[in-house]
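As annotated by Swiss-Prot, divalent metal cation 1 binding site applies to ASP43, HIS45, ASP94, with the evidence given as similarity to another entry. The feature AMP binding site is assigned by Swiss-Prot to ARG367, ARG402, ASP507. Feature annotation from Swiss-Prot assigns N-linked glycosylation site to ASN108, ASN287, ASN326, ASN387, ASN552, ASN555; the stated evidence is sequence analysis. Feature annotation from Swiss-Prot assigns signal peptide to 1-23. What Swiss-Prot lists as site 'Transition state stabilizer' is HIS127, ASP130, and the listing cites similarity to another entry.
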Amino acid sequence: MALVRFATIITVLCHLAIQDGAAKSFPHGEKAPFPLTLIHINDLHARFDETNQKSSTCTNSKECIAGIARVYHTIKQLKSEYKTKNPLYLNAGDNFQGTLWYNLLRWNVTAYFIKELPPDAMTLGNHEFDHSPKGLAPYLAELEKMKIPTVVANLEKNGEPALKDSKIARSIVLKVGNRKVGVIGALYDKTHLVAQTGMVTLTNSIEAVRKEAQELKKKNVNIIVVLSHCGLDGDKQLAEEAGDLIDVIVGAHSHSLLLNKDAKVPYDTKYDTIEGDYPLVVKKSNNHTVLITQARSFGKYVGRLTVNFDCEGEVQSWEGYPIYMNNSVKQDEEVLRELEPWRAEVKRLGTQVIGTTEVFLDRESCRWCECTLGDLIADAYADQYTNSTVQPVAFVQAGNFRNPIEKGDITNGLAIEAAPYGSSVDMIKLSGADLWSAIDHSFTLDDEFRYNTAQVSGMAVVADLSKKPYERVQSIDIVGANGAKTALKKDQIYYVVVPSYLADGKDGFAMLKKGTNRVTGPLDSDVLIEYVRKRQTIAKTMFQEKRVVIENHTNGTCSWDLDSQRYKPK
């Protein structure tokens, strides 16, 4: 592919009178451009095994794509092919969460395969906190054994005990060829508001990157790469506001495919949408150029960008594209062998039958309506704490569910994939006023214009979506064991069971942090598995009573179907 050049197409020669700092990074008098090849992946999300085009389990071997064996074969090939152009392999985070491999084997399998081909640097994604800092710490410890550096400039531990011994740097300086290359990490600023980060918080990523870049400049580092898990929009903003100090942003989080539309290279035309050129180019007022890359997600692509720098660290030209991991891409034989015992363990654990369901446990409707999967999980939550003296209500937000469960056998794997996010099931004492407020909040639109409709047990809710936000709940009744209903009293204290994610006030449910006497319970998937085992059959009779009635729905209609998706969009 022809080199893309900006400004006038000439060879830029550095001044002989180079500043002392620049001279240390680039030998005095050197005229040739310095090539740096960035090989990058992001948002793997536990796709260790090959997948279909939709990044789900592949059942037809002739159509399988992606998988860590293809990804690693390609990275090794690129490192060899571009060995004279100073290759760096970067991982932009979110290696956790997304398949049964992670749900059953967690950090163990993730660390194992990351260590199989160590990146030169990596950052953390928000999903690395899905099982709290306690679930992250052993993963980092394993990577540190292989001296794999983890960089996040805007992460503050704040004394988080689980990460006390973890080495998370703000940046790292790598000696590449005869130059110094600084790699700064950045993570989505609001991660601590949407993930289980414990005491860890994330500061403003732009301010943190600027500050760290200034420190690197003082150390005579004039090529700076930002390894970002902030999303494409965040990366564009970063380039605008900190671009005078940085050169390339290797991105993640938004699962964006960047590719020049006129590039004659393969990509998934059926399921992937091109969101911009590879790379996106941001030109600063001082003629400084910043390049932004990203390589979709789920191991479907490996990005490769070769950038030529002059002796002052200015981008001169670039060339590259994301390589599609289609079925024709070879798989690394050694990695395939390493996958076999892990695959067998996932299959053994995942296929164990724990019960059956007579109804379709619908997940797609949960954002907009009462859904059968939500009913089941809320019932499991309430049952966890129900005894002769306590009969709690339960409330689960719609975003807590991932996969539906079809009629028939329910396996360990299906249950875990339905509720994979690793919240503990906690009980709090909460005022009726705060419970009302929390359920009302579930009928407000989030940043992606979705509701987070409350899925409840032991309650009957009526909401009118034609009303103003936070005035939409019209009534809440507490439903006793015998089915008797009594109106919720705002001045009364109730036992309420919620996921720890909500008890921590995430997703805007700050009112739930007012809960007292908090009891921390087992993982949500474990609670669901035990409840299904206890009942054995998830019968239609469990879903006869309407729990959440929504009036004047603005986006569609809600049915009470037990055999198919309940929500029908307009």
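Placed from the backbone N, Cα and C atoms, the Cβ positions cover glycine too.
Of all the glycosylation sites in the record (ASN287, ASN387, ASN555), the one with the smallest CA separation from ASP507 (AMP binding site) is ASN555. Listed in chain order, the residues near the divalent metal cation 1 site other than ASP43, HIS45, ASP94 are ASN42, LEU44, GLY93, ASN95, PHE96, GLN97, GLY98, GLY125, HIS127, ALA252, HIS255, SER297, PHE298, each with its Cβ within 8 Å of the site Cβ centroid. Taking Cα separation as the measure, ASP130 (site 'Transition state stabilizer') is nearest to ASP94 of the binding-site residues ASP43, ASP94, ARG367. A simple Cβ count within 10 Å picks out one of the recorded positions ASP43, ASP94, ASP130 as the most packed, and that one is ASP43.
Reported as a whole number, the C-alpha separation between HIS127 (site 'Transition state stabilizer') and ASN287 (N-linked glycosylation site) equals 37 Å. Using CA atoms as reference points, the recorded positions ASP43, ASN108, ARG367, ARG402, ASN555 were checked against ASN326 (N-linked glycosylation site), and the closest is ASP43.
ASN287 (N-linked glycosylation site) and HIS45 (divalent metal cation 1 binding site) have their C-alpha atoms 37 Å apart, to the nearest angstrom.
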